[in-house]
């Protein structure tokens, strides 16, 4: 665990050639340290100050200082934020002066960690900050903002309250077995109450698992025969020349990857080697990889040429896709006539036309969004978690609740039921940060940016 008694400093903006850099100091000595660098001192109060900063008698910079007094700050400590002129040398020089005068460099996420430890934010809010910073699309951004603000955290508090009520009823029954008239402590009443809590937890888990696919990225394989336009499609989707495109069959021999972020969904794209019969050992290894990636993909974009759709290679790919989520992509649409389009319409229902070489891929984007964007998630105003560690904790809560419910219905001794309920309670506390392991907390905040 970081030493909370030390005053820390870090840049809150990237150190680069830019107009303005922001530097944050947090800790008991924040005002003392900054005043060592000023001829005209600032008071220990919430305010904004324009000051000249000195190293001894040498002018360093003219800065704007925003000061906050404990506990009314992000970290809950005395905080001084300095807006100085940008530039790598100037920013680093000021940070070095602050360290020289009594601060130490903050670790990654240490400001947020102090905010959590000083009860300024709970753990869901802290994770929400990181979700917001690393958001890849609008859905992730919305969830990050909601969780950072604590807008929906009351739902966890309510779950805890309802669970504690059940635990208390059971404990009374254990401690006073002769009293059989404790309100709400009969087996049917306990089972009903537990079922309600379990349903809420299941709904939270369902929402979160649906959302995390869209926010973290859906593993999307681009597959097909050689020379049907797979690499051109990847380049068009990424809007860059990531993959080599030639008229020579078998150009792509290894896996080429990229990422595309749409409004409410992200795709982790994988361009695979063209699938065909070959005696080339290197190309054959690439084809083996392609077939393996089809198995692992969550979405497959199967690129085909209409004129060869029924040949052996395509039939083999169709067989691999029997139980997969896929879109049939008729690329080079400029060469498909109306008669051929009518035949396609009669034979297939999940297809799109594209012309990657002309960047005409809007139909494909729309189809992907239709298949994977759930309006229930987009418009949902309830708590959604998009962090794997949080989802794991919710799964543990669900597991203990279901064990307890099955035990009650199965006539198990009530004290055994209470053990699982106490564990569910502990996991809810860990989720919101009211109960934690110091090493786990350190690991959580190490994922954050320096200065956050």
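Here the Cβ of each residue, glycine as well, is placed from N, Cα and C on the backbone.
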Check Swiss-Prot: it lists 24, 81, 120 as binding (6S)-5-formyl-5,6,7,8-tetrahydrofolate. Then name which of 447, 452 it lists for that same site.
452
What does DSSP call residue 231 (Mg(2+) binding site) in the simple three-state scheme?
helix
What does the structure give for the C-alpha distance between residue 230 (GTP binding site) and residue 81 ((6S)-5-formyl-5,6,7,8-tetrahydrofolate binding site)? Integer Å is fine.
50
Round to the nearest Å and give the CA-to-CA distance linking residue 231 (Mg(2+) binding site) with residue 273 (GTP binding site).
9
From binding-site residues 24, 81, 120, 452, the one whose Cα lies nearest residue 273 (GTP binding site):
452
Rounded Cα separation (Å) that holds between residue 452 ((6S)-5-formyl-5,6,7,8-tetrahydrofolate binding site) and residue 227 (K(+) binding site):
48
